[in-house]
Amino acid sequence: MRREGTMRLHRTFLLRVYLKESAVITYPASKKIYCQGKIFPTIRVGMREIQLTNGDSLTLYDTSGPYSDPNISIKSPQGLPRLREPWIKVRPRKTQLAFAKEGVITPEMEYAAIRENQKRELKKNTDQERERRLQGNSLSARIPNPITPEFIRNEIACGRAILPANINHPESEPMIIGRHFLVKVNANIGNSSLTSSVEEEVEKLIWALRWGADTVMDLSTGKKIKEIRETILRHSPVPIGTVPLYEALEKVDGDVKALTWEIFRDTLISQAEQGVDYFTIHAGVLNRFIPLTQKRVTGIVSRGGSLMAKWCLLHREENFLYTHFTEICEIMRAYDVSFSLGDGLRPGSIADANDEAQFAELKIQGELNRIAWKYGVQVMNEGPGHIPLNLIEENMTKQLAYCREAPFYTLGPLTTDIAPGYDHIGSAIGAAFIAWQGCALLCYVTPKEHLGLPNKQDVKEGLIAYKIAAHAADLAKGHPAARQRDDLLSQARFEFRWHDQFNLALDAETARLFHDETLPKESAKHAHFCSLCGPKFCAYKTSHEVRDTLQKVT
């Protein structure tokens, strides 16, 4: 079967969604700047620049897209500017993987390389002893300085990285996912049969962008699934992923037995036409693996995995996502949609971690990777789940071996089961560890995990926890663009530049709020102490006095 995708670059309908004032994203002491491409001079890569009170500045990777540019007017029905449309129109219909294998650097590849470097080449470290001492341990990863478009091309060609960019999502700003790059974070949004509207989901999308979501998955399972997805795509500068099985099941009113390959196929094509950048496909849940879950404490906890297991048992047939995998590859190749091969048998409790069912599916994922690559389709692998700290390394080691170093995309993992309401913390611990080991994309967990549908505050708290985890891993790996923010914040802290401390923080508002709870006056922003130690016991203040004394003595 050969399928030609259709580019929907001129849409004939409008969306009845109107952006609120909250759609404008602002950051304190920051401005939007753009970096120009060299291979493709028309490329303008948006970044965030923080201005410090001592005249220094910091350039940051920015996921907010046009929402943080005051010079761009976003008209709600039409959505965002179609950044990639000119590039797509003038080139052959091929995937990023196909171009990469042919040795071709695309505009998307240069764009992603510029983002990764964050203008790092303009900042030189002069303390060589400190650089040697703090040099990261990237384990088996190779992180060049600077990251070049050619390096990105080669990583994609080898299957070690993906650049998710559907031809029908020209609004997206290219980004790269792989263990040799900055660790990325995914945020899940989407309605359920009980809550949420189109407007609320768009608001959640923009809110997730504000707090640093590198990708977003629309996991809607309620009403207006297609309308919500269309609206999100037209308003998203980051790649959007879905689980097509959810919409396919909605078409048969939730009757798993009534679900067919044909219904799923048509759903897949429809979503690819809309512009979805990556699909979670649970093709590794095979008939022979289902009995392996019988003795588990929590059975099959993946929604897609449990649905496909039920379908297999009802029909006494093999998983149609597996038997029709090559046809799925052909559809995805036509639109340059990336695979996110679902971990339908991931462990949902510490008791089930690293069991036979989990790793049996992972081996099948590796086999499916090779088929996808043969068809020129980019692929990453989804992983657990609930894993104690001592078993996390085994997950990463097996994934690299079975899946030939394809990007790993994990949900956490949660390192304990005792923290309902705080699972974002318990899972961020595991996320930081597995990201250091080589995981490329972390799916955030919110405080509402296992309890309910996340609201805006939950989205923020989940993202903050996971941006901390990702950054901690980048520091440990020695990513060349990682440590500068830490150093500048530490310098500001030692020099009592309170405003700079706040503005360099991941969450400036909360940092300022906590400080002002006890010392709200503006004069306190220039004081050489905070309310924790007071003026007499501040270690930094005393340290300055020690330095001054040493200078006089020497």
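Glycine too: its Cβ is placed from the backbone N, Cα and C atoms.
Swiss-Prot has this to say about the protein:
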| type | residues | note |
| --- | --- | --- |
| BINDING | N188, M217, Y246, H282, S302, R303, G304, D343, G344, L345, R346, E382, Y409 | substrate binding site |
| BINDING | H386, H450 | Zn(2+) binding site |
| BINDING | C530, C533, C538 | [4Fe-4S] cluster binding site |
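Where Swiss-Prot records a feature, it is marked here on the structure.
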residue	record	DSSP (3 states)
N188	substrate binding site	strand
Y246	substrate binding site	helix
S302	substrate binding site	coil
G344	substrate binding site	coil
H386	Zn(2+) binding site	strand
Y409	substrate binding site	strand
H450	Zn(2+) binding site	coil
C530	[4Fe-4S] cluster binding site	coil
C538	[4Fe-4S] cluster binding site	coil
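The sparsest Cβ neighbourhood within 10 Å, among the listed binding-site residues (G304, G344), is found at G304. Listed in sequence order, L219, S220, T221, I225, R303, G304 are the same-chain residues at least 6 apart in sequence whose CB falls under 8 Å from the CB of Y246 (substrate binding site). Long-range Cβ proximity for C533 ([4Fe-4S] cluster binding site), meaning a same-chain Cβ under 8 A and a gap of 6 or more residues, is found for A539. Here the C-alpha separation of C538 ([4Fe-4S] cluster binding site) and N188 (substrate binding site) works out to 42 Å. Note on proximity: of the binding-site residues S302, R346, Y409, the one nearest H386 (Zn(2+) binding site) is R346, by Cα distance. For Y409 (substrate binding site), other Cβ atoms within 10 Å of its Cβ number 27.
Ranked by CA distance from H450 (Zn(2+) binding site), the binding-site residues S302, G344, Y409, C530 have S302 at the top as the closest. Listed in chain order, the residues near the [4Fe-4S] cluster site other than C530, C533, C538 are F529, S531, L532, G534, P535, F537, A539, Y540, K541, each with its Cβ within 8 Å of the site Cβ centroid. Cβ packing within 10 Å was compared across the binding-site residues R346, H386, H450, and the lowest neighbour count falls to H450. Once the Cα atoms of N188, M217, Y246, H282, S302, R303, G304, D343, G344, L345, R346, E382, Y409, the listed binders of substrate, are compared pairwise, the greatest separation found is 20 Å. S302 (substrate binding site) sits 47 Å from C530 ([4Fe-4S] cluster binding site), taking the CA atoms of both as reference points.
If you measure from the Cα atom of C530 ([4Fe-4S] cluster binding site) to that of G344 (substrate binding site), you get 49 Å. Within the same chain, the residues at least 6 positions away from N188 (substrate binding site) whose Cβ sits under 8 Å from its Cβ are V216, M217, L219, C443, Y444, P454, listed in sequence order.
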